[in-house]
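Beneath this line is the structure, given in structure tokens, with notes to follow.
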Amino acid sequence: MRANCSSSSACPANSSEEELPVGLEVHGNLELVFTVVTAVMMGLLMFSLGCSVEFRKLWLHIRRPWGIAVGLLCQFGLMPLTAYLLAISFSLKPAQAVAVLVMGCCPGGTISNIFTFWVDGDMDLSITMTTCSTVAALGMMPLCLYLYTLSWNLEQNLTIPYQNIGITLVCLTIPVAFGIYVNYRWPKQSKIILKIGAIVGGVLLLVVAVAGVVLAKGSWNSDITLLTISFIFPLIGHVTGFLLALLTHQSWQRCRTISLETGAQNIQMCVTMLQLSFTAKQLVQMLSFPLAYGLFQLLDGFLIVAVLVCFNT
């Protein structure tokens, strides 16, 4: 995947030998612990959420994938377009514009599955959408990035994190498969596992998100424009996802699910791609966006959950 940049200062050549600035240095052991904790958390979380999935309903979504199709249209149609329009509207610097676009082209994140459970959404559709968008990202990420960067005249290599996508798929499918099996064999016990997992998973997601920001605190800058975009971007995703689902005559439960799936992006995949594609000096300008987006999508998700819970009571 190639992208390019008319300004050499905006998109410098990749250099594996360049040392990281002090603000971006993370001790190897600490980073390893953070990565392992994240992987274990995701596995346990998806196992517990898999306990809410019924194979019959899951198979129905696969046989009649209208909800999945709408979700994928939101994920790889609306989100990349929104990212491109935001980058143009706010006249971002080339490097910052690429960071916003990469975020828009990423697949859905697992945090949407927790929020979907909390708002009594369609868990079968939510997990199916997360899995399908991750699989689709193998082809849709490079395609969207190529199409939207054509007019930018860039010269920087953008490395698609295929290994990261594969790891995400494994962390999704295997625990969910075990959860579905437990739900099939021991339905009463699965309900207990689901309740505990959803609560603990939500707390762990918040802790990991905050810890990630603290570990990379040197990457934050005072650019109010990027912070503004990171605040409104997930909100636009939630709103447009809901409206498109509503226009395609999806049920109220599916509309909530698709809305949450659309605004929640895979932050780790975005960060990994930026780290693989840009030098340390450039990352100082770029990493603040996915980190801020991650925090704001958490806050937006909690806000949506609170509104829906109040609305239903």
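Placed from the backbone N, Cα and C atoms, the Cβ positions cover glycine too.
Keep in mind that what you see is a predicted model, and the values were worked out from it rather than measured.
As annotated by TrEMBL, transmembrane segment applies to 32-55, 67-92, 98-118, 125-148, 160-184, 196-218, 224-247, 290-311.
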| For the transmembrane segment (67-92): best-contacting stretch of 98-118, 125-148, 160-184, 224-247, 290-311, by Cβ pairs under 8 Å | 224-247
| note | Per the Cβ under 8 Å criterion, with at least 6 residues separating them from its ends, the transmembrane segment (290-311) contacts 99, 103, 109, 111-112, 115, 118-119, 205-206, 209-210, 212-213, 216, 219-220, 226-227, 230-231, 233-235, 238, 256, 259-260, 263-265, 267, 270-271, 274
